[in-house]
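*Asks:* Okay, these came from TrEMBL:
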{"type": "DOMAIN", "residues": "4-464", "note": "domain 'Kinesin motor'"}
{"type": "BINDING", "residues": "Gly100, Val101, Thr102, Asn103, Ala104, Gly105, Lys106, Thr107", "note": "ATP binding site"}
Amino acid sequence: VYEPLKVFLRVRPFSIAELESHESQGCVTIEDAQTVILNAPKESSAMKNSERGIGHAVHSFTFSQVFGPETTQSEFFEGSMKDIIRAYINGVNGLVFTYGVTNAGKTFTIQGTSKDLGILPRSLDVIFNHIRGRHYLKMNFKPYLSNDVKKLEDEQVKQEEALKTAILASLKEVSDQMLLKAMLYMHSYSHLLLYFLLNVSFCSEKNLVPLDIHKTNMQQRTQASVWISFCEIYNEYVYDLLSILSTSKPQRRRVLRICEDQGGNCYIKGNNTVLWPGQLHRISLMIRNVCKRSLFADLKWINVQSTEEGCRLLKIGNKNRSFACTRMNEQSSRSHSIFSIRLLKLTDEHQPRVLGVSELSFCDLAGSERCNKTHVFGDRLKEAGNINNSLHILGKCIAALKQNQNPKMKPSYIPFRESKLTRLFQPFFCGKGKACMIVNINQHTSTYDETLHVMKFSALARQVIQTILPKNFGYFPPKLVGGDGKPMMHFDANTSVDDFADSTETSAEEEVDITILSHEELLKAAEDLKEKVAAERRSKLLLEVKIRKEMAEAMFRQLLETEEAWRQVPLQPALRLKGNRLEDMKDSYEEKLESKFEMYKEAIKKHAYMCAMEQIEEHYVPIEEFLAEQEKVE
């Protein structure tokens, strides 16, 4: 399926303080539902450049749909998220990412507030409404790697339950501490506002509004399980936002890494640490000690049973996210956050079978900014540099994708691997998913130049054509693995004994990611790889000998055929042909001999002249001596 990348624009309304500071000068004008006009103010660099004849003062941009300042959260969700959520429920991976300057409303669009939910909690509500009555409530099937599912043992299920309980319990502990801080700093209005934003629950049953807008043909026998992860990319390092850190003393967060499976799809993992069953004494003991022990090193996937649980995890992740105060935004996001929702589809049987795995990711990009506008230095300056660099690489990838669509131009390299962000975005831009871009802008005159840059980038992104591959093309089907990570297979009505034998023969070679092995297993895998390399070299050498032998035999046959063809030529024509060739050779040799003879003659003349000159020099006598001798002789 070929379709252009959908780019939606949302314009943030003015606040009372912004109106009082005369930020409203009519810079942004909405022409219609798809067109926006930007008029450069007098103080902007764009206006100064246009007065010098460089560029224009008025720019027009077209989007998939434009949402004005009066647009509500519900209207924006209805107008922008229908298609991507419908495709996600039907098994197509989805990516929604926001782009814009600092303080443009990106986080509000995705998360919203407790009274005005954003697109993320509304999407969760749609998903749970869709699977109502077919919700798989157990935790024994968990996402694994990028597209697989792991069947957990009973002890591992207890670990998952304990981890989820510990994470949700940490919300109350942190909230109590922040309440105490708010009481100590009650004289500061900004501290009270920050406390309100971080501690008011996003979702409660009275705030949820049924959003029954998506209907699909999901079979009644199919069950679904929902899992959530939340991470951030801060200074080009990946961190898990659902990690439980000790509140009594500061702890250094564990850095995660990006790996790839056999299909080239990226996933996030950490240093693998195995938790043995003997380490699990009681769940209560686990909850008390989980903050002191690094038992869960990988990116955490938490099973959620309702929209409220998902919003609570979102709130916990926001507490761990990197924020800082800049001149443009008092609570500016200093990292790119990625909130992912995986939907596992299972058969409703005694031995459930994996039917499909789909993932929907919401990426809240940090705001692009100029350091002279935000007045940052030190750590904030380093953060801004990394933010702008990753956004710049994203722009280079978008430009390269646009260029490669032109068949008349030479394909260019797409630098997906130059940034953690673009490396995670790569599958969605290479056909293995559906992407959607939300551009957030404000109407400030002071940030007009930055807004113009954002609009130009979005105009380029809208020209990118997405190639969405069908699930049976270019995909590795989801694989069910056991608690040890090895593939599993169950018999069903469509499975034959021959199919089972083939899969068991190849399962040993289908190692997805060697980084999940222990040290001894890695050494063994290295030895196995050495043996495979040696065997491959031997086979290639034998193949080369065989090819050389075949080429020699073919050349010998060609010579024999040429000799036989000459033998079949009549004698007289052959003699005449030979005589003509001899005459031609004779003439050619005569011309060459004549030219060589002339060359030798010239060389002899030159040599004789040089010898004569040397003799003259040797026997030279001055005129006075010659006359004197002549007189003597006379």
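For all residues, glycine too, the Cβ spot is worked out from N, Cα and C.
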*Asks:* Compile a sequence-ordered list of residues in the same chain as Lys106 (ATP binding site), six or more apart from it, whose Cβ lies below 8 A from its Cβ; state 'none' when nothing qualifies.
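*Replies:* Spatial neighbours, sequence-distant, of Lys106 (ATP binding site): Thr98, Tyr99, Gly100, Ser333, Asp364, Leu365, Gly367, Ile438, Asn440.
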*Asks:* Starting from each candidate's C-beta and looking 10 angstroms out, tell me which of the binding-site residues Val101, Ala104 has the most other C-beta atoms.
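*Replies:* Neighbour-count leader: Ala104.
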*Asks:* Roughly where does the domain 'Kinesin motor' (4-464) sit in mean pLDDT, to the nearest integer?
*Replies:* 80
*Asks:* Applying a 10 Å Cβ distance cut-off over all chains shown, what neighbour count does Thr102 (ATP binding site) have?
*Replies:* 24
*Asks:* Report the same-chain neighbours of Thr107 (ATP binding site): residues 6+ apart in sequence with Cβ closer than 8 Å to its Cβ, ordered by sequence.
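*Replies:* Long-range Cβ contacts: Thr98, Ser333, Asp364.
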*Asks:* Looking at Cβ-Cβ distances, which residues of the chain lie under 8 angstroms from Gly105 (ATP binding site) while being 6 or more apart from it?
*Replies:* Arg10, Arg12, Asn440, Asn442
